[in-house]
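Student: So Swiss-Prot has the following annotated:
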BINDING   Ala62, Gly63, Met64, Asp65, Lys66, Thr86, Asn139, Asn172, Lys217, Thr245, Gly268, Gly297, Tyr318, Ser319  FMN binding site
BINDING   Lys66, Asn111, Arg112, Met113, Gly114, Phe115, Asn172, Asn177, Asn246, Thr247  substrate binding site
ACT_SITE  Ser175  active site, nucleophile
Amino acid sequence: MFYKLAQKVMFQMDPEKAHHFALNSLMATANTPLDCFYAQKIAPSPVEFMGVTFPNPVGLAAGMDKDGECIDGFHAMGFGHIEVGTVTPRPQPGNDLPRLFRLKPAKGIINRMGFNNKGVDNLIANLKAAKSGALIGVNIGKNKDTPVEQGKDDYLICMDKVYEYAAYIAVNISSPNTPGLRSLQYGDLLDDLLGSLKAKQKDLAQKHGKYVPIALKIAPDLSDEEIQKIADSLIKNQFDGAIATNTTLSRDGVSGLMNANETGGLSGKPLNLLSTSVIKKLSSCLNGQIPIIGVGGINSAADAIDKLDAGASMVQIYSGFIYQGPKLIKDIIEACRVRK
C-alpha cells in the first residue's frame, strides 16, 4: 500500500528526478525506524551460484544504485544481492538530459544514461560504509572518452580496485548508450578482453587470498551465431558466469506509444520475451558449463520462473521493481521456493 502511494507521487515527477528522490529517501531512512515502510522479512532460500552462496535468487540489477549509495536500504527490502554500477575508472556525467523516459502503458522504460557515475574510488568508499553485509556485485565499464581499442584497460583498472569488496564482478560490454561499446562483444576484441580479465582475476586471487567470480553481461540484440560465439569465448576463457540481458534497441510492442521513439535502451515488460529467448539460446550453447543470471523485463513471479525454466539460475529485477515495488521480490522468492 505504501509503495503504491509513493509511486503515485513519483510518477508525477520527471523520471530522473523521481529516481534521485527515491535514492535520497532510502539513504535518509536506511538503518533507522523509518525503514519499516519498505523493509521485508524474507525467509532464506539459498542458491549456490558461481561458487557463492546467495541468500535468495533475486537480485537488484545494475543501474538502479550506480554509486552504491543505498545498499543498506535495498538489502532491507529482501534482495539476495545488489549489483551496483555501472562504474568507470573516472567520474563522468553521462549523456545530456533528458535521458530517462517512462512508457507507462507498456510498463517499459527507455534510458540513454551513458554510464553516469561518480567513479570507482567513490563507489569503494560507499561499499566500505555499508553496514548490512549485503552481497554486492560490481558492474564495471569503460569511460566514454576511452577509445574502444583501449577499453580493456578501463575494465582492468576497475577490476583491480573493486576486487576485494565484491561478491562477484560483472563486465558490462552491452550497454547501447556508450558509443562503440557493443563492438567488444565480437571476435578478437571479446577474446582479448575476457582473456585479460581472467589473467587479472588469477593475480588478484593470489594477492587477496580469495576468488571473486567474474560474469559477462550481454545484449539481447544478438543473432544465434553471435550468441554461439560469445558462449564459445566464455567457455574458452573459463568465465564464471553470464548475465542475460541488457536493454534492447528494438521497439517491438511499444511502437506508437509516447516516448517510444526516444533513443536509448528499452527495458521493462516489452523486453521480457526477447530476453528469455536469448537466455534459452545461451543456455543451450553453454551446455551447463557456465551459469546464467536472467534479467530483462521481469514484471511478475511467472516471468521470473520463465527465465529459470529457460536456463537461468538466478534473476535480477529493475524496471519491474519500479512498476511493482518491493512486493515483487517476495513474490518471486516464494514462486522459486514452490518451484523447487
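Every residue gets a Cβ built from N, Cα and C, even glycine.
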Student: If you draw a 10 Å sphere on the Cβ of Gly114 (substrate binding site), how many other Cβ atoms land inside?
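Tutor: Other Cβ atoms found within 10 Å: 19.
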Student: Which of the binding-site residues listed here (Arg112, Gly114, Asn172, Asn246) have a Cα atom within 10 Å of the Cα of Asn139 (FMN binding site)?
Tutor: Asn172
Student: List the same-chain residues at least 6 positions away in sequence whose Cβ sits under 8 Å from the Cβ of Met64 (FMN binding site), in sequence order, or say none.
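Tutor: Listed in sequence order, they are Phe74, Tyr318, Phe321.
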Student: Between Lys66, Lys217, which of the binding-site residues has its C-beta surrounded by the fewest other C-beta atoms within 10 Å?
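Tutor: Looking at the binding-site residues Lys66, Lys217, the Cβ with the fewest others within 10 Å is that of Lys66.
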Student: Among the recorded positions Lys66, Ser175, Lys217, which ones place their C-alpha within 10 angstroms of the C-alpha of Asn246 (substrate binding site)?
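Tutor: Correct set: Ser175, Lys217.
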Student: Would you count the other C-beta atoms found within 10 angstroms of the C-beta of Arg112 (substrate binding site) for me?
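Tutor: Other Cβ atoms found within 10 Å: 20.
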